[in-house]
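K.L.:
Below is one structure. I have some questions about it.
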Amino acid sequence: MNLDIHCEQLSDARWTELLPLLQQYEVVRLDDCGLTEEHCKDIGSALRANPSLTELCLRTNELGDAGVHLVLQGLQSPTCKIQKLSLQNCSLTEAGCGVLPSTLRSLPTLRELHLSDNPLGDAGLRLLCEGLLDPQCHLEKLQLEYCRLTAASCEPLASVLRATRALKELTVSNNDIGEAGARVLGQGLADSACQLETLRLENCGLTPANCKDLCGIVASQASLRELDLGSNGLGDAGIAELCPGLLSPASRLKTLWLWECDITASGCRDLCRVLQAKETLKELSLAGNKLGDEGARLLCESLLQPGCQLESLWVKSCSLTAACCQHVSLMLTQNKHLLELQLSSNKLGDSGIQELCQALSQPGTTLRVLCLGDCEVTNSGCSSLASLLLANRSLRELDLSNNCVGDPGVLQLLGSLEQPGCALEQLVLYDTYWTEEVEDRLQALEGSKPGLRVIS
């Protein structure tokens, strides 16, 4: 049984009503409920009486160090079997981290710990790592985004990676560890004992110099499946250093996120060699890089090669124009693996959209998710999209948010959605406005097709 409450300021009466449930439910989520240290006394008592609890989520509550201490004391019961604990954005500071080593030691069932958005600092991180190094700790997932960590935190983290095979997922994104810190962390990642599967280092101040170390890591660590390096200034030079590791026979990477990494069409050439050779790579994000139409052409040519089995490609905000759509269209008619294509925030216009729709209307196309938000689509472009919805049997999600579409365009789309042969399940229209007449027709459509969601 789950107790799941979000964004509700709990009155005294409501809190009294909930307390008995805290002692019974397997999953308790009280996110952004205005909880404070005073509530934590009750929470701790309730947790001691609940041997069934497997997940506790108290995100975005002003618990403070003292409140978190009370909650953790409640979990340190011999009968506690908690597996997932989320204390994200709970005002936990370095001063409150002293209890973490004993907590991790006493909770051998704990597998996930979320501490993001707490100012732990390097000193708090060191205390956390003491607990992670305990033989009784079997944590598998650790999230530490926005924790005010610096390069000084990387040696303790590297020690954990060298010492435990249990940890599978580590997120340290949005911390200023910099080039030097990433190099130290890489030493732990390269250790043979490290069995990490997911590493997230987004917006960590990495530079092209770090990519040589990362190359060695992805080449040698067959366990690594997901690598997130977004919002780091790697540049084309860094990508050139990284790609030989991705091409290694030992690399089994499935997901690679390189959004906003200062990559151009030149960097695409190196990545394309990886796409053509690595059937294991399934997801690639290059969003926010100035690839241009030339970069798009190179990617599409790679997606036509038999060695490429990519399933998801994000090229949002990549300085693409309608000129790239001929290459994208050809790829869509021949590629049978790509299921998701994110093209939002590119100046494709109605002419580009028309070309894409003609391709996707061909029999045998397999794309399921198409994102065209902020692509300068007008009511005229909706005519092509409406025809596509009737011709295509594979497309399930379409995002047209933030385009110049009004009643005429929306009505064309609704006309197709109303047809029994339309297979679309989700249409996203954020920042799109229509009249009450169109709204009435939309509500009637959702009532007659319960499997369809229109999100606006």
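Backbone N, Cα and C define each Cβ position, glycine as well.
Pulled the feature table from Swiss-Prot, pasting it below:
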MOD_RES   M1  N-acetylmethionine
REPEAT    44-71  repeat 'LRR 2'
REPEAT    72-100  repeat 'LRR 3'
MOD_RES   S86  phosphoserine
REPEAT    101-128  repeat 'LRR 4'
REPEAT    129-157  repeat 'LRR 5'
REPEAT    158-185  repeat 'LRR 6'
REPEAT    186-214  repeat 'LRR 7'
REPEAT    215-242  repeat 'LRR 8'
REPEAT    243-271  repeat 'LRR 9'
REPEAT    272-299  repeat 'LRR 10'
REPEAT    300-328  repeat 'LRR 11'
REPEAT    329-356  repeat 'LRR 12'
REPEAT    414-442  repeat 'LRR 15'
K.L.:
What residues elsewhere in the chain lie close to the repeat 'LRR 5' (129-157), defined as a C-beta under 8 angstroms and at least 6 residues from its ends?
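P.N.:
Sequence-distant neighbours of the repeat 'LRR 5' (129-157): 88, 100-122, 163-164, 166-178, 180-182, 184-185, 188, 200.
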K.L.:
I'm trying to understand the geometry here, so how far is the Cα atom of M1 (N-acetylmethionine) from the Cα atom of S86 (phosphoserine), in Å to the nearest whole number?
P.N.:
18
K.L.:
Apart from its near flanks, which chain residues at least 6 from the ends of the repeat 'LRR 7' (186-214) lie with a Cβ under 8 angstroms of it?
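P.N.:
For the repeat 'LRR 7' (186-214), the list is 145, 157-179, 220-221, 223-235, 237-242, 245, 257.
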K.L.:
DSSP on the repeat 'LRR 15' (414-442): how many residues come out helix, how many strand, how many coil?
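P.N.:
Helix (H, G, I), strand (E, B), coil: 11 helix, 3 strand, 15 coil.
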K.L.:
Could you give the number of helix, strand and coil residues in the repeat 'LRR 4' (101-128) as assigned by DSSP?
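P.N.:
Taking each residue of the repeat 'LRR 4' (101-128) in turn, the totals are 14 helix, 3 strand, 11 coil.
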K.L.:
Given the modified residues M1, S86, and counting only Cβ atoms in the protein chains shown, which has the most within 10 Å of its Cβ?
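P.N.:
Selected residue: S86.
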K.L.:
I need to check the long-range neighbours of the repeat 'LRR 3' (72-100): which residues 6 or more away from its ends have a CB within less than 8 Å of a CB in the stretch?
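P.N.:
For the repeat 'LRR 3' (72-100), the sequence-distant neighbours (Cβ-Cβ under 8 Å, at least 6 residues beyond its ends) are 43-48, 51-66, 106-107, 109-121, 123-125, 127-128, 130-131, 143.
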